[in-house]
Amino acid sequence: MSYRIGFIGAGNMSAAILGGMVKQGVAPDRIIASNRSTPKLEALAGEFGIQTTTDNHQAAGADVVVLSVKPQMMKDVCLDLAPHLDHKPTIVTVAAGIPMASYEQWLGRDHAIVRCMPNTPSLVGKGASGLFANAQVTDAQRQRVESMMQAVGITAWVEQEALIDAVIAVAGSAPAYFFLMMEAMIDQGEAMGLDRATARALTLQTAAGAAELAATADVPVDELRRRVMSPGGTTEQAVFSFEADDIRAIVARAMTRCANRAAEMAQEMGN
Ligand SMILES: NC(=O)C1=CN([C@@H]2O[C@H](COP(=O)(O)OP(=O)(O)OC[C@H]3O[C@@H](n4cnc5c(N)ncnc54)[C@H](OP(=O)(O)O)[C@@H]3O)[C@@H](O)[C@H]2O)C=CC1
Ligand SMILES: O=C(O)[C@@H]1CCC=N1
């Protein structure tokens, strides 16, 4: 690809996406990131060799502009950028909880805007992003955004905007669920007598191995689970314990709260 990409806001999510892009071979001089303060910019320039600026207008001069500030900052950032988008970039926003209608109000209705819900494993090329386009997005722009995000992982278009909140629950926020599980396992491995480094190494390798096996096996994940559960053996005691504690309901409640929060955030911002 040869177009230029500008990131507005150089925090965790921008670092994951642009860092993943550079690691996957995107030329760093095609990427510019802006941030209101300089320390993160210096770190990103040092690590990935991208261009940086404290002037959002400069980053917004790119062909694809990725809006990646916290949702609470988004309105002010968009209103400030609006007079500087006459070159009609493809606008991609990664913010949770801000509906398309708000961007169209702040930036103008004639802009091609994609709501993208990515996640931080983009940094290692294992991202998972949901995408929703407004009516102004052309097929060429769809392909451009898709290929941009596919440089750092897989993508899935949704045709109903409300499904972006489901993507937040399944992908955007979901790395944290797995990290939490790993934290708990490492702590318990240590409590059972392993040194922490060993508990960590075994936990992480098992998580990565299980994910890769699930992604490549020709059977569903429940069958893979059963293959570990020897009748009368050890694993089923752990699984029975999870089921007795209603892990499926626990997960469903957590994901529902996650998705509901996106709707609440929209309301809090008066959208
Ligand atoms: N983190 C994640 O896993 C995911 C995040 N998202 C979305 O990504 C967006 C960014 O989140 P995240 O990266 O975690 O947040 P961060 O707080 O890490 O990054 C936001 C960045 O925006 C900068 N900023 C704030 N105001 C301005 C401004 N007016 N102009 C320029 N830069 C500004 C901040 O600068 P400073 O350092 O000075 O505060 C900060 O570096 C959010 O909307 C979130 O919903 C989506 C999916 C996953
Ligand atoms: O927690 C959040 O609000 C953001 C959106 C998805 C992941 N992080």
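Using the three backbone atoms N, Cα and C, a Cβ is placed for every residue, glycine included.
According to TrEMBL, the feature domain 'Pyrroline-5-carboxylate reductase catalytic N-terminal' maps to 4-97. Summarising model confidence by region, the domain 'Pyrroline-5-carboxylate reductase catalytic N-terminal' (4-97) averages a pLDDT of 97.
Taken from TrEMBL, the feature NADP(+) binding site covers ILE8, GLY9, ALA10, GLY11, ASN12, MET13. Listed in sequence order, SER34, ASN56, ALA59, ALA60, VAL65, VAL66, LEU67, SER68, VAL69, VAL77, LEU81 are the same-chain residues six or more apart from ILE8 (NADP(+) binding site) with CB atoms under 8 A from its CB. In the three-state DSSP reading, ILE8 (NADP(+) binding site) counts as strand.
The NADPH binding site annotation in TrEMBL covers ASN56. Neighbour density for ASN56 (NADPH binding site): within 10 A of its CB lie 21 other CB atoms from the protein chains shown.
Broken down with DSSP, the domain 'Pyrroline-5-carboxylate reductase dimerisation' (161-265) shows 86 helix, 0 strand, 19 coil. Here TrEMBL flags 161-265 as domain 'Pyrroline-5-carboxylate reductase dimerisation'.
Per-site Cβ counts within 10 Å over the binding-site residues GLY9, GLY11 peak at GLY9. Each residue in PHE7, SER14, ALA15, ALA33, ASN35, LYS40, SER68, VAL69 lies on the same chain as ILE8, GLY9, ALA10, GLY11, ASN12, MET13 and has a C-beta within 8 Å of the C-beta centroid of that NADP(+) site, without being one of the site residues. The Cβ of MET13 (NADP(+) binding site) has SER68, VAL94, PRO118, THR120 as same-chain neighbours under 8 Å, each 6 or more residues away in sequence.
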